[in-house]
């Protein structure tokens, strides 16, 4: 159906713009009581019938109180009452007539008010007193009901005396449509509202559209579920009466049966169909699968649509594949689907729905009422209802409260022109402004079957429009305020206005008139009306009434100082000569219809003077009146213009010049009848050929591409002069001749003179403006009377002038040159003719010479032809060079600049950014401008801003994409393209179109949602009671709307008052709050299975428990609620991953133990909200990927198991520690409070370097049963991190303790092997030989020593082991501090968790752990102190063995020659501590958490890029790879935290980002592991090589000994020689291992 928004809007506009008529009674000649009652008898009021025909309401002793009550008044703040009172016959003093409103007196009338001017000829000429007065009273009123009472206290019967009255009107001033009560009509002056919350905000109210169910506003009733029958509504759901709606079918019963109006097609035996009963007064007749309920109706020929309202009831549990259909003529117009109490429709509007779980005949019942609007093209409608996919009779449906209406374009219309206008009416009806009426209005013209109003009498509908300026006195609607606005009293005689000094109107049957009986007989009024701009002519149309005994006298009117028009009773051709008032004398009516041209209206004011001139008769004897006063303005465009309806509606000039029609008008400089460029005229502006340098009026004076300048000038000079002359006089040539000084001429009349001249208003002639002449009339007289003034001859020019006007020359004789500035003629002769005004020589300071001489006309030709003639008086004008950007230079003055340059003081042509002239001179980049429009935001400093497009012409207009576009670009085709719109809009070209209401964001189409308010992408409002919150982008309930929303509200009693059982936030205040219902997880933190624990006062109904999960559909999880000893046990099975944001809502039914015998409806519900444990649910593909990740992690753990002992054996502690540190960072990544994709979730959850070695821990403290129990944040709990310091710090403490134990173990083993080495020592006799020494100095010393008799020789193998163990023990001593540094992250986390979340200091366990945490802070401070101590140490000190053994772990692999390396090491400890603190402290603000951790981590990368702190570049690159990888991982985590807020990233995108994170983790870990493996392999290789070398050398030494024994040293014992050599090689190997 076509909802008539336009009609509604017009009604609303006029209702706020003026007084609204509430009631009118007793305005015709004869009438009845019209519902007015005599009180207290409640009988009909008495009507007095005057002998002359006029009726009066008789307020007299017989009926001294007359009363009527008016109901259903729209919201208003004031009432105005009009009434004509009559003081009838012999009224005594003190006898009054009172008017009361709601029993409050508002007005009193007594006989003296009317004076003594009887006008009894209207009623009865024999009446002695008949004094009439018009009473107007305004009073404050706001109630929807008004009782008006008339009362009198006269004491004699009628007709002896009385206060009869007639012509009663009551108006009201309406509130804004959103206000229930108000102080005035403004929208922000509301005192109360219709909505549930009646208190206005800032005195402003809203409509009902945001409420649930009660969404429609009817001003007389408030917020309704739907508009009543016969009412339409606008876009804000405000109901308005629509007379075009006609009822077709009404079945307002709960049990629609088959009848003549509603038929049934069914195969079911009617005998077995039984009604479904809900209660004794409510039952329904069910219908089943394949049954069709239908009706066939005939529409009016003018029907354009139908509106159906119906209540649909469904019974049973309908699943999403079941649906209800409505068809019209066999075509499906709506399909309604019911999915778990969520209703979706195809075309219809849901008016309201009932989501309560009502049981009818053991079946669930759900009710929804819909409204469906359908455009209709035929006159027969077959309307049917049916349902599909109902498997059996357990599912059924019913339809009730059916209301079907048809909408017509017009009442009594035979065929429609469009949806709002009739084309042809039925017989006996007339077409008036698109509607059908019985009779044409008297002020219109009847043409056939049409009524033509004044504003429709146009000849050319495409070129003109007619607009009403005044339309008054054609009915009773004209108010006193409007009368005073239009008419001004100019003068009056002594005999006027008997009905009141300020009452200028009276009544005739059915209308008000200006003046009239007892009002106007001898007075002058003026009507002054401001005309709209751009009008063409005005039409004045009214009727003059000369009433009663008007002779002698006349009526005169004058329009804008034209001649008076005089009307008398003797004026011929009156349009009426009959009795109007009911008296015996005829009244003469004359029609005035006059066209006033625009030229006759000065200063846009229409002034009409009305003079009722009768100085003989009294006001009760004669009168003048004006009725049907119409003034219209016609807007007309001549053939040179087109009529622009947009400008017309906006009050702008509707006539737009037509460029290309051959007519030059307004801003057009030229019009050559085409739109071709470079032909002298383009876009109606002068334009020369493309390369013209100097262009004047479309003629090129100098072309850059050739032609002699002088020749070009002389060829064009005559054309230029002629063009200038004709251009200035083109108007006079078209309409008639004006003087040459006239600039604007029309039909021979001048309206604007040239500069330096003024126009004489009467003669419309231009005269020279003379200094010292202030009186225009005197100046013109002086000019006319004096031929010579101020040395200027105003009648004659010099004799050489060919065309002279008023002393000014415009064309010279042949052989003379006209100076365009002085307008003087100079002789051009040989030797004095260097006139080159436009040549390049002019710009080079050349001179121009002309000859000034008085010679006779007879000798002109001979002189001109004489080549030897020498000018006697040759005037020379010295030129000055003009700016080279000047396009028209004359005698040193620049008259016009080139395009894009501004003429400054007639001298310089300047390029000014901001002058509005676009400089396109690309040869000079200093002045080149892309745009020049300082008022346009797209152009700044003459540069086009990104995202803007500008017309690069002189106007330089810029524009961009629409206001809802966030990112606008200009593509390669110079077209604007919006790349991104704000939420709720999608981009199409440069525009952003709005998405459907159910979408938060959409793409390519309004219905293609990319994110929604609900998971099923349906509207929030589809669930009654839910509303869309566009700020937080969620569906929310509105507490106080009377609709309880399951899973959102515990109750909703229709208000927001606390203490009434349901508080202001819709939480129940019933006794259930005193009962304890606890929740416990069945399997700790490993699953979401729950145990609901009840107390002894209530009984839980586990079977009726319902569960919903935020972000989950019903199909994405299942649950099983069973009874247990303590209450209920709820077990879950999820089909998609559940995260911390998916809050679990449990709605559990319970009742008190002592009320269990009550019915089920008395049971209560309680909502329990549970934060879920994150569970990753994977499909087959994802599971395979997860298994691969877990397998890779297992392989990595095995690899570290293998590499760890080798690293310790070879002393590669620093490389092993680097691997463990990387694993420690990765272990902590899981604690970021973001939703990681499943692959990263699995990787981080299983990443725990401490699990490589399973230390024994005690975790029985801080369990849920403990009274001091407190939890760590969810992410920490999921990974088994307990916030209690003792539980959390055991692993790093054991790790440190293990390193200490290993140190002592190494010392014990070293001592053990030292003892064994002593046991294996041998003493070898020396035989008095000197000891062989390698060094000569030692040999000398040995000779002087006291020689021992024996040499102590150690076992080479035990000695090697002792030396090696010594090295290991020393290394373990330094590794203890390094282990503390390695565990720094975990220790800091344990301390931070304890201090932040362990707040119960009153408990001993919490206090002890807090003290322990603070004590371990000392260990961290110690590490920082030690690291800070080594900053700035000298290189020699760093290389000292004892210092290196104590502090070497703090500068290992650091370049000690550069203090930056030591500072980098210290700052690394600070970064770790800061990282862990931010990770824990800002856990619940994920974006801040990830950002601060990123800053902490990435700062290491910046330091590494700044300088190399290590001994080698290889170590720098390795560390840079690791630090960069970790920083990138945290940066991606920031993106994921942002997506948690915006929820815009697709799942696959997040998974891809997860693989990026995993790749970075692998790069970081394998970088360290590969380095470690490389070092192990390198050492193995070197040991192997050295071993082989040792064996080879040993073999060579053995051979040499044997040789020496045979030759050189036969007496030296072989053992000694062999031992010496062995010692030498062992020493070399020892040095290597050192």
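From the backbone N, Cα and C atoms, a Cβ is placed for every residue, glycine too.
Just so you know, TrEMBL annotations never went through curation; they're auto-generated.
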When you get a sec, could you say which of 1272-1292, 1293-1313, 1314-1334 is annotated transmembrane segment by TrEMBL?
1293-1313
TrEMBL annotation of transmembrane segment - which of the ranges 1170-1188, 1341-1359, 1360-1378, 1379-1397 it falls on
1379-1397
Range annotated as transmembrane segment - as stated in TrEMBL, picked from 1115-1133, 1134-1152, 1229-1247:
1229-1247
TrEMBL feature transmembrane segment, matched against 1553-1574, 1575-1596, 1597-1618, maps to 1553-1574
Correct range for transmembrane segment (source TrEMBL, candidates 1463-1481, 1520-1538):
1520-1538
Could you pull out which residues elsewhere in the chain have a CB under 8 Å from any CB of the transmembrane segment (1553-1574), counting only those six or more residues past its ends?
1189, 1196, 1199-1200, 1203, 1207, 1212, 1215-1216, 1218-1219, 1222-1223, 1226, 1236-1240, 1243, 1518, 1521-1522, 1525-1526, 1528-1529, 1532-1533, 1535-1536
The transmembrane segment (1229-1247) in contact with the transmembrane segment (1379-1397), cutoff 8 A, at least 3 CB pairs, sep 6+
no
